[in-house]
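Copied over from TrEMBL, here are the features:
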SITE      E102  site 'May play a role in metal incorporation in vivo'
BINDING   H103, H105, E109, H147  Ni(2+) binding site
BINDING   H103, H105, E109, H147  Fe(2+) binding site
SITE      D108  site 'May play a role in transmitting local conformational changes'
SITE      R111  site 'Important to generate the dianion'
Amino acid sequence: MTLLQIMPDDDARTVLERTDRPDEIREALSPLNVQFEQWELGRQLAPDASSDHVLAAYRPEVDRICAQGGFRLVDVVRMKPDETDPQWPDKAHAARTKFLSEHSHDEDEVRFFVEGSGCFYLHVGAKVYAVVCEAGDLLWVPQGTSHWFDMGGQPEFTAIRFFEEEDGWIGNFLPDSIASGFPSLDQLRTARLP
């Protein structure tokens, strides 16, 4: 379920707002210059579809976002449990840990979820906006916005990533991250709406 939960940055137990309504999510994020869209799913993709096939399925949308944001590099990132790989739990843990610390970027961060889910936590002013994105959701976070990302304890998602520079993902990590004090993606999923 796509979800937005807003909390004070000094008290993760206090929920200021919690909604699963896309129009309310868009409205709450708009003053932050964060763009939230939902794209039509239903494209026929094989479970093992290549990155090229994923990009081809969403070519009109990808081209529109690239033109709108001046993105020069687009790729597909995929995390799926692999029971045949004894190293999978370690790989998943390492991937998750990399993004759990608060950071920002010198360019916009744009992600479209083709499958699965993940949560972006935006630290803006004195609030944290936890945005759980599901398949069909696009989130566009402006450069310089402090945030972190949780892919959950059992990561499973496919996302299209957009970059302005050819060197891809580069994070500017904050020395005093507040991320560990906030509910994880797994905890947000299990909490009930008011």
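Keep in mind that glycine also has a Cβ here, set from the backbone N, Cα and C atoms.
On the structure: features taken from TrEMBL.
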{"residue": "E102", "record": "site 'May play a role in metal incorporation in vivo'", "CB count, 10 Å": "21"}
{"residue": "H103", "record": "Ni(2+) binding site", "CB count, 10 Å": "20"}
{"residue": "H105", "record": "Ni(2+) binding site", "CB count, 10 Å": "19"}
{"residue": "D108", "record": "site 'May play a role in transmitting local conformational changes'", "CB count, 10 Å": "20"}
{"residue": "E109", "record": "Ni(2+) binding site", "CB count, 10 Å": "21"}
{"residue": "R111", "record": "site 'Important to generate the dianion'", "CB count, 10 Å": "19"}
{"residue": "H147", "record": "Ni(2+) binding site", "CB count, 10 Å": "23"}
Measure from the CA atom of H103 (Ni(2+) binding site) to the CA atom of R111 (site 'Important to generate the dianion') and give the result in Å, rounded to a whole number. 16
Look up E102 (site 'May play a role in metal incorporation in vivo') in the DSSP assignment and reduce it to helix, strand or coil. coil
Starting from the Ni(2+) site formed by H103, H105, E109, H147, give every other residue of that chain whose CB sits within 8 Å of the mean position of their CB atoms, in sequence order. S104, V141, T145, S146, W148, F149, G171, N172
